[in-house]
Amino acid sequence: MDAGCTMGLSVTVFVMALLLSGAASLRIQAYFNKTADLPCQFTNSQSRSLSELVVFWQDQERLVLYELFLGREKPDNVDPKYIGRTSFDQESWNLQLHNVQIKDKGVYQCFVHHRGAKGLVPIYQMNSELSVLANFTQPEITLISNITRNSAINLTCSSVQGYPEPKKMFFVLKTENATTEYDGVIEKSQDNVTGLYNISISGSITFSDDIRNATIYCVLQTESTETYSQHFPIVPADPVPVEKPRLWIAAVALTLIVVCGIVLFLTLWKRKKEQQPGVCECETIKMDKAENEHVEERVKIHEPEKIPAKAAKCEHRLKTPSSDKSAAHF
């Protein structure tokens, strides 16, 4: 290798080392499923044409996101995970990464090489560090138990689909005289596909006699934000006394049973009586016979000593119907 080539290689290595050592990462943020702008911030002070430059971006694993080779895009060098997800803005020299996912966070590098008489020479490099955010849903409080005085109520609060991992979650009880924080049992989970977090907290809060009205809300803390739930109004109700069994209920029930029994007895007795008509008829016949005999005795008592023939006939007539009637009943 001649001295010229050795010297040129040394200069190239020196320039790259200088660029790498002095390169500072620019922190940028993007939201989940949105677009991130990966800057290059190259100042083309010499007004070089894109046909003289090679521009490309790579991630921290050295996978190529985009390459513009002498003014033409080269998709063959792009990693499959980035195909169709990038677009280059020639005016701002920003690379737009679309449909950002949690796994896209990390360091990205922009390289600019110039093609001269001696080949490609690196003239610019910039690092940028991408962080991905996803807003948690507004925390939502769910009441598990009823609210009464001198008893604890059970609450849960939950928020989902957020990133990065939340730091803390707690309840706040606000009354007329004080504001109190309540911790609870926190549960976190992370989706294996999206990388987003879900979080919930469960806790109990006790109300004293002097609390007439209050509000409860839930707070979710992340690295940079706090998210609040809607205020949940609390108006503890007085405990409902347990009523003892009332005596009048038992009395009414007993009365109904007795009345039903009497009605049933009378119904059965009447039905049985209707099924035996001969007994009544016999009693009626006996009563008629007794009356006839009594009449006859009265006739005999008042009978005159001498009865004319006509009177005897009349007496005979009076006796005959009675005897016939008695015979008919027998």
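Each residue, glycine too, has its Cβ placed from N, Cα and C.
Noted in Swiss-Prot for the protein shown:
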type	residues	note
DISULFID	Cys40-Cys110	disulfide bond
DISULFID	Cys157-Cys218	disulfide bond
CARBOHYD	Asn33	N-linked glycosylation site
CARBOHYD	Asn135	N-linked glycosylation site
CARBOHYD	Asn146	N-linked glycosylation site
CARBOHYD	Asn154	N-linked glycosylation site
CARBOHYD	Asn177	N-linked glycosylation site
CARBOHYD	Asn192	N-linked glycosylation site
CARBOHYD	Asn198	N-linked glycosylation site
CARBOHYD	Asn213	N-linked glycosylation site
SIGNAL	1-22	signal peptide
TOPO_DOM	23-247	topological domain 'Extracellular'
TOPO_DOM	269-330	topological domain 'Cytoplasmic'
TRANSMEM	248-268	transmembrane segment
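Taking every protein chain shown into account, Cys40, Cys110, Cys157, Cys218 are the disulfide-bonded residues, and of these the Cβ with the most other Cβ atoms within 10 Å belongs to Cys218. Taking the C-alpha atom of Asn154 (N-linked glycosylation site) as reference, the shortest distance to any of the recorded positions Asn33, Cys40, Asn177, Asn198 belongs to Asn198. Taking a C-beta cut-off of under 8 angstroms and a sequence separation of 6 or more, Asn198 (N-linked glycosylation site) has the following same-chain neighbours: Ser158, Ser159, Val160, Gln161, Gly162, Lys188, Ser189, Gln190, Asp191. Between the glycosylation sites Asn33, Asn135, Asn154, Asn177, Asn213, the minimum number of other C-beta atoms within 10 Å of a residue's C-beta occurs at Asn177. Within its own chain, Asn192 (N-linked glycosylation site) has no residue 6 or more apart in sequence whose C-beta sits under 8 angstroms from its own. For the pair formed by Asn33 (N-linked glycosylation site) and Asn213 (N-linked glycosylation site), distance between Cα atoms is given as 43 Å, rounded to the nearest Å. DSSP assigns Asn198 (N-linked glycosylation site) to a strand.
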